[in-house]
Amino acid sequence: MRFTKMHGLGNDFIVIEAVEGVDYSELAVKLCDRHFGIGADGLLVVEPSHIADIKMRIFNADGSEAEMCGNGSRCFAKYVYEKGIVSKQKMTVETLAGVIMPELFVENGKIKSVKVYMGSPIFESSKIPVKSEKQKFIDEPVKIDGKTYRLSSVRVGVPHTILFVSSFEESFMKELGPKIEKSSLFPEGTNVDFVKVEDEENISVRTWERGVGLTLACGSGASASAVVSSLLGRTRRSVNVHFKAGVLLVEWKEDNSIYLSGEVEEVFRGEIEI
């Protein structure tokens, strides 16, 4: 089976085209293993679509299928364009979270960056979902191991929960991340974003990704973090989101739509027996 390894700011993916009779969940676990496989945060599968130009399926490293992935969708768009599967620089992509619209910016025949319409943020507790009597779960006190944290949840394709911090301590994030992810508050689990506000136009983020763990970057996490930061008056609606490996631009428009922009790169191509 042929594959392509890609990444957006170190958030890496293996991209394959649909294969009949394959259990993609099992395949994701095998291929994403960083010791015995290719190594990646997730597996992206290219499939035909009846409602869009192309369909993207996303499987996390633990084999679970995700509804959407911001960085994954940007890698996916670059792949299908460069492979000639979709010839449009502005395309529609079917996902479990609905149809998204990546746009490729090409200079001298090379893709400079990819911008993707992430949809609109969902704040309604029951639709994130969060077990809460409040309509919105924003800046709410939650007690974990005897300590109280103020958490905010939003759905941007997938559930995200934001915690503002003054610094990034890896041991703290690795301990608290899975406790929030698997809390009974979140019936479907949640991604956890640790957010440090630098100024009104810049935030730094580290994401504990549901089914993955700490990642170098996360597109939907960048979007969720930017939206909540703006909602709470900490930043403007257009924000540079800084991850370990680089920066993503998130624009939360007045019409409630979110756009995510940044670079994506192909790492290598290869073949593997399955």
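Backbone N, Cα and C define each Cβ position, glycine as well.
Since this is a predicted model, take the numbers as computed values, not measurements.
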*Further substrate ligand in Swiss-Prot, beside Asn11, Gly70, Asn71, Asn191, Glu209, Arg210, Gly219, Ser220, within candidate set Asn60, Asn240*: Asn60
*Asn11, Asn191, Ser220: which of these binding-site residues has the sparsest Cβ neighbourhood within 10 Å?*
Asn191
*Just how spread out is the substrate site if you go by the largest Cα to Cα distance in Å among Asn11, Asn60, Gly70, Asn71, Asn191, Glu209, Arg210, Gly219, Ser220?*
15
